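Visitor: Could you have a look at this structure, given as structure tokens, before my questions?
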Amino acid sequence: MVSAHILSKSDSYWSSVNCFAILEQPYEERCEFVRRAKKCELSTNLVPYLELLACRFRCRNQFEELVYISLLLFFSFELMICLGYVLHYYYTPMLRAVARILHMNDHLAGVMIISIANTLPKLYGSLSGLELRALKASQLSHGFSLVLFVAMFSGGLVCFMRPFRMNSHRTIRDLLFSVYGLTLWEYISVNDGVITFPEYLLLILVYCFYLFVNVLDLYMQHISLKLLRRQIQLRTTNVQAIKEKYYILVQDLRLGTPCRSYTNSICNEFQNSKKERCLGLKLCRLKDWQRANALIRAFYIARAPIVWLCAIYIPLVDHERDRHGWCKLLNCIQICLNPALTIAIMSRGTSMSSLYVLYSLMLSLPLCVLMLLRSDAGVAPKHHSMFAILSLTGCLFIVQHLVKEISLILELIGTLRHMSPGFMDVSVGPIANGLTDLVTSFSLCKQGYERMAYAAAIGSSFLNIILGKGGNLITAVILYGINADAEMINICCENAFILLILGLLSMLLLISLFKFNAQRSMGIYSMSIYLLYFLFTALVMKWTFHKFQIEFSFNIHGSDS
């Protein structure tokens, strides 16, 4: 029965009240509160966690809330397993295949392909459910914290996992561009308190110039190789010195050095591929299951749903596997299923959803039948690389929803444990949104592409500087403009900025001291920069330390006006 307290509230109250105000309500009224509050519906992605808490599980005390939190933690761990599987077995192989098709080297592939692809799920997730006029201060602090996590922690993890030889001028150039982008952003936001569209356009132009310089560098390297080949063929003097220089440039143009253990595991997994055409539907190899202990078997069972979903939904494009991952029957099914399922979920809740799916099937069914009739099961077709488009959309779609669910779970757990929203926004939130970059870097390192992983960490951090919190900044500035008030700059934003500048400059010094050899000690130092920020933020929220503040001497107008 609905209480009089709930009935007394007006419609304007239910449309504006924060969903997490449920904690201020009595346990008996929480279910009705969740069902009436409009923002509770808007803040839900796939699973209505608050409705489960208040209406399905009907938690009536703190102990039952702790049990529910334990279930959420278990579910988030399952989602992380799914995220790791998608990124390791489908996402990174597909990006490597795209880089090979475009004739990129490790560095350019990391800076352009990997970094942009890692940002797309966050950008889509933000734009799909963003109240653009309500861009909060914590979201800009979240953006700086995310940059710090990607640049320092993910980049440090790469150096710690697989020490490697860096390219000197490219690494220095990337770090200097990141420092310049950070200082320019900070100057624009603090100078007059307003981020205007021309100022933001300047930031975008800086990033475009950064990409142009990287592409031009690769092009000039190809020209240098042609000149060296010509000199070697003409048999000029100092041929040996020219050959050494030539081999150095060729080595730098190669796309990674695949890890032997990883390559051997792939060969062993697909050595009987002529008899078993669709091994993607198998949970694991029979030998692995027989040799595994109880914990490993539990891991195989936990990832079973995502294994089957990915095998049916995402085409596998991996040039290091037999037939490049081609499976005739499965790939033909995916031509129809991949776009139809994506459109169905994206347009759910609309009256035109069924019509969109029907149009998709009408377009994809003829292609499916044509490929089924004209392709060979034993050899990948020439146009198999086009499946990378379906693989990209499928991976980004799944990754975006997995990251969104993990973020919502962590936000709910923090709220139920009465943690500060500011602390959650600048500490736990960036970690959840940076999981894509972290797991991608881990996967690339494990497969022997550490230079690509480190370039992606720096490139992603530079791109996140421009986009803000997953794209909120770019959209809000272009459509409305943002006024940077004192709160916007002070919520741990300057703390992250100072540590970022110190971290990037100190990394420049360490790289030079180690003669451009990435060492494990350098990785530990880089990760400790982010851990220091996390500790400092926790102490600031506990009022043990005082955060850095900027005193504004001009009139400030709110961004929500």
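Each residue, glycine too, has its Cβ placed from N, Cα and C.
The transmembrane segment annotation in TrEMBL covers 66-87, 108-127, 139-160, 200-220, 295-316, 356-373, 385-403, 423-445, 452-482, 488-511, 523-545. The annotation domain 'Sodium/calcium exchanger membrane region' is assigned in TrEMBL to 74-214, 389-537.
Surface or core, plus neighbours and distances: that's what I need for these features.
Guide: Here the transmembrane segment (385-403) has long-range neighbours at 45-46, 79, 82-83, 86-87, 90-91, 94, 97-98, 101, 117, 120-122, 124-125, 309-310, 313-317, 331, 334-335, 338-339, 342, 345-346, 432-433, 435-436, meaning same-chain residues at least 6 beyond its ends whose C-beta is under 8 angstroms from one of its own.
Listed as Cβ neighbours of the transmembrane segment (523-545) (distance under 8 Å, sequence separation of 6 or more from its ends, same chain) are residues 145, 148-149, 152-153, 155-161, 420, 422-423, 426-427, 492, 495-496, 499, 502-503, 506-507, 510.
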Visitor: State the non-local partners of the transmembrane segment (423-445) in its own chain: residues 6+ outside its ends, Cβ under 8 Å from one of its Cβ atoms.
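Guide: Result: 80, 83-84, 87-88, 91-92, 114, 118, 121-122, 138-139, 141-142, 145-146, 148-150, 153-155, 157-158, 161-162, 399, 403, 406-407, 410-411, 414-415, 452-454, 456-457, 460, 469-470, 491-492, 496, 534, 537-538, 541.
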